[in-house]
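Q: Below, the features straight out of TrEMBL:
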type	residues	note
BINDING	Arg327, Arg364, Tyr368, Glu396, Tyr424	substrate binding site
DOMAIN	77-330	domain 'Orn/DAP/Arg decarboxylase 2 N-terminal'
DOMAIN	336-422	domain 'Orn/DAP/Arg decarboxylase 2 C-terminal'
MOD_RES	Lys99	N6-(pyridoxal phosphate)lysine
Amino acid sequence: MTTVLNSLRQEAVTTNSPQDNATSLNSLSPNQQLLPLTAVVNANDHLEIGGCDVVELVQQYGSPLYILDEVSLRTACQQYRDALVKHYQGASQVLYASKAWSCLAVCAIVGSEGLGIDVVSAGEILTAVRAGVSPSLIYFHGNNKSLDELSYALEVGCTIVVDNWHELKTLASLAKEQALSVAFTAPRIMLRLTPGIECHTHEYIQTGHIDSKFGFDPNEIEAVFAFVAGSSLNCIGIHAHIGSQIFELQPHQDIGGVMVQWFKLAGEKYGLQFSELNIGGGLGIRYVESDDPPSIEEWIKAVSAGVTEAFVTAGLALPKLLCEPGRSLVGATCATAYTIGGSKTVPDIRTYVTIDGGMSDNPRPITYQSKYRAVVANQMSAPLSQTVTIAGKHCESGDILIKDIKLPETKAGDTLVVFGTGAYNYSMASNYNRLPKPAAVVVQGGDSSLIIKRETREDLLRQDCLPERLRK
Ligand code: LLP
């Protein structure tokens with residue numbers, strides 16, 4: 001049967017890395033696929049993910065619904081891990097950047113694959129800890145961590161990636177206070193530096209260039225090292241992150257060469273013996289056919305080669321190499337199912353097809369002009385006979401999920417499924433227009449389990465307070 005899925009999958013597979021049909025799922029790099037690895041069309045002509053009929057999932061759990069494919073997520077984790085073992089001679093650790101999607105189930109799955117977690121708030125720390133991730137594998141980022149968050153992180157025992165002078169001084173004085181107690185262990189920190197490497201991605205998600213709000217300016221590095229050397233902090237290494245949704249390999253391959261000079265300087269001049277180098281995340285994913293990211297293995301190979309060459313040339317031992325992918329781990333593993341409502345045709349201009357969600361569950365199109373692909377899950381082999389624009393239900397003209405997409409004739413009640421929604425969708429979701437946040441399920445081998453409950457109308461009022469004098 002020829003279905004829209006074949007054409008999406010064909011594109012996904014052949015454009016970048018030709019594979020034959022017999023290729024096993026787990027040799028495909030999930031970040032290069034438009035579809036979750038287990039997506040197929042079943043005998044009812046419905047889309048199936050993880051062995052579950054998506055139309056039935058919507059009947060059971062309602063819509064909008066985030067559908068997480070466990071096989072895709074575990075495969076991505078394994079590919080990062082295995083590629084490091086294959087291409088890097090030193091020790092290594094993959095950390096999942098949980099800002100992409102922080103929830104108990106996602107953290108538990110990546111944790112069970114041996115990954116650590118990069119967190120950016122006390123909320124993300126709590127989620128990782130409750131999901132069972134060891135604090136020794138939790139790394140705390142952020143450019144304005146509050147005193148409360150820092151104290152909580154120290155109590156939990158995670159590593160703190162220090163971003164700036166204010167934070168460094170705050171931590172040093174917290175450590176000084178605690179140093180008097182018998183049970184004192186020096187807080188483990190890393191220093192985040194701005195490496196001055198530019199890359200081609202959306203301006204909002206570039207972080208490695210010098211004019212960035214993140215990290216220490218390299219011009220101040222000697223003063224920072226001198227301060228750290230005189231403190232009771234245990235500084236184990238340095239960190240850089242240059243941006244997100246990056247398709248070029250060179251900028252990441254260059255990080256090793258930039259960081260090695262600081263590694264050397266810290267040891268030789270300030271007696272700081274660093275052991276870990278964290279090169280951040282940033283590998284892109286395929287949202288539409290024309291996106292052409294390298295595979296997870298190609299990315300790890302390039303990064304490892306850059307770090308190895310730089311450290312060998314500098315005569316230094318290979319550091320423990322950390323990387324912290326978010327999008328390329330979880331992005332392609334999830335699809336969002338919506339129910340189609342009405343439509344509106346503006347003659348000679350366009351037809352709007354409306355769905356029961358929009359910018360509140362996926363704010364990326366309105367924020368970054370991001371593009372997505374979608375199918376109608378209950379009529380997978382129907383001809384793509386119309387070009388339509390998928391409009392969200394929010395009171396905002398810009399709430400357009402997909403502009404000009406080819407779909408079959410649709411009717412109210414059809415199930416629209418948008419791919420590539422695992423990263424920065426749920427985590428950036430809002431209650432704009434007081435829409436409850438959708439539910440999420442994980443699917444695997446024909447089983448589905450709820451991982452996030454749908455918010456109810458009552459939930460929306462949970463934090464509201466009505467002062468006595470305003471009550472009727
Ligand atoms: N490490 C650090 C320090 C980061 O700031 C980020 C992402 C990552 C790792 C993970 O990067 P990834 O592998 O996911 O590219 N909301 C935007 C993306 C913001 C990325 C922020 N930092 C979007 O939806 O495109």
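Keep in mind that glycine also has a Cβ here, set from the backbone N, Cα and C atoms.
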Q: Compare all C-alpha positions of Arg327, Arg364, Tyr368, Glu396, Tyr424, the record's substrate binders, and send over the largest distance in angstrom.
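A: Answer in Å: the longest Cα-Cα distance is 27.
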Q: Return the residue, from the listed recorded positions Lys99, Arg327, Arg364, with the maximum count of other C-beta atoms within 10 angstroms of its C-beta.
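A: Selected residue: Arg327.
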Q: When you tally the Cβ atoms that lie within 10 Å of each candidate's Cβ, which of the binding-site residues (Tyr368, Tyr424) has the highest tally?
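A: Checking each of Tyr368, Tyr424, the winner is Tyr424.
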Q: In angstrom units, rounded to an integer, how far apart are the Cα atoms of the residue listed as 'N6-(pyridoxal phosphate)lysine' and Arg364 (substrate binding site)?
A: 14
Q: Enumerate same-chain residues with a sequence separation of six or more from Glu396 (substrate binding site) and a Cβ-Cβ distance below 8 A; give 'none' if the list is empty.
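A: Same-chain residues close to Glu396 (substrate binding site) (Cβ under 8 Å, separated by 6 or more) are Met359, Ile366.
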